[in-house]
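Visitor: According to Swiss-Prot, the feature active site maps to 47, 89. What Swiss-Prot records for 27, 29, 31, 48 is Ca(2+) binding site. Per Swiss-Prot, disulfide bond is recorded for 26-116, 28-44, 43-95, 49-124, 50-88, 57-81, 75-86, and the stated evidence type is experimental evidence.
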C-alpha cells in the first residue's frame, strides 16, 4: 500500500516520501510521462514500471508484510502478488537512498507535466 511505501522510504532513505517524492520530476507522484529527468526520477519511473507488471492485486491499496533483518528490508508473506508489490517498494526506497546526493528539489520539485512531453516517454 502507499502507506507502507512511505514507511519503507522512511526506514531506508530516512526521508518522507510524501514530502520528498510525491511531486518530483516526471514520474514521482501520481502517473507519469516523458523522460525521467534525473536518477531520482528514474527511481520513480522504474517503480511505476514495476507496479505496472503486478497483476492480481492493487499495489496502491493492498497491504503486504515485511520485516527488518540486520538493517535490510525483507519482503514476506504467502501472497506472491503482495510480495511483488513489496519488492517494488523496497527497490524504489533503496534507489532513493542511493541517489540522495543527486536529488535536486530546486530544479525538479513541482516540475509539471508540461515539461514532460508524452511523445518523449520511454517504454518500461
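Start at 1 and count along the chain as shown; that gives each residue its number.
Backbone N, Cα and C atoms are what each Cβ position is placed from, and that goes for glycine too.
In the displayed structure, how are the listed features positioned relative to their neighbours?
Guide: Counting only residues at least six positions away in the same chain, the Cβ atoms of 27, 88, 89, 91, 92, 95 sit under 8 Å from the Cβ of residue 47 (active site).
A 10 Å cutoff on Cβ-Cβ distances gives residue 89 (active site) a total of 28 other Cβ atoms nearby, all chains included. Residue 89 (active site) carries a helical DSSP state (H, G or I).
Neighbour density for residue 27 (Ca(2+) binding site): within 10 A of its CB lie 27 other CB atoms from the protein chains shown. In the three-state DSSP reading, residue 27 (Ca(2+) binding site) counts as coil.
Long-range Cβ neighbours of residue 26 (disulfide bond) (same chain, at least 6 residues apart, Cβ-Cβ under 8 Å): 32, 33, 34, 35, 36, 37, 41, 45, 111, 113, 115, 116.
Taken residue by residue with DSSP, residue 44 (disulfide bond) is part of a helix.
A sphere of 10 angstroms centred on the C-beta of residue 43 (disulfide bond) encloses 26 other C-beta atoms.
Secondary structure at residue 49 (disulfide bond), as computed by DSSP, is helix. When Cβ atoms from all protein chains are considered, those within 10 Å of residue 49 (disulfide bond) total 15, not counting its own.
Residue 88 (disulfide bond) counts 23 other C-beta atoms within 10 Å of its own C-beta, drawing on all protein chains shown.
Residues within less than 8 Å, Cβ to Cβ, of residue 81 (disulfide bond) and separated from it by at least 6 positions along the same chain comprise 54, 55, 56, 57, 62.
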Visitor: What same-chain residues, at least 6 away in sequence, bring their CB to under 8 Å of the CB of residue 28 (disulfide bond)?
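Guide: Once residues fewer than 6 apart are set aside, residue 28 (disulfide bond) is near 21, 22, 40, 41, 43, 44.
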Visitor: Compute the mean position of the Cβ atoms of 27, 29, 31, 48, which form the recorded Ca(2+) site, and then list in sequence order the other residues of that chain whose Cβ is within 8 Å of it.
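Guide: For the Ca(2+) site, the extra neighbours are 26, 28, 30, 32, 44, 45.
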Visitor: Just give me the nearest neighbour of residue 31 (Ca(2+) binding site) among the disulfide-bonded residues 49, 75, 86, 124, Cα to Cα.
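Guide: Result: the closest of the disulfide-bonded residues to residue 31 (Ca(2+) binding site) is 49.
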Visitor: Hey, of the binding-site residues listed (29, 31), which one tops the CB count within 10 A?
Guide: 29
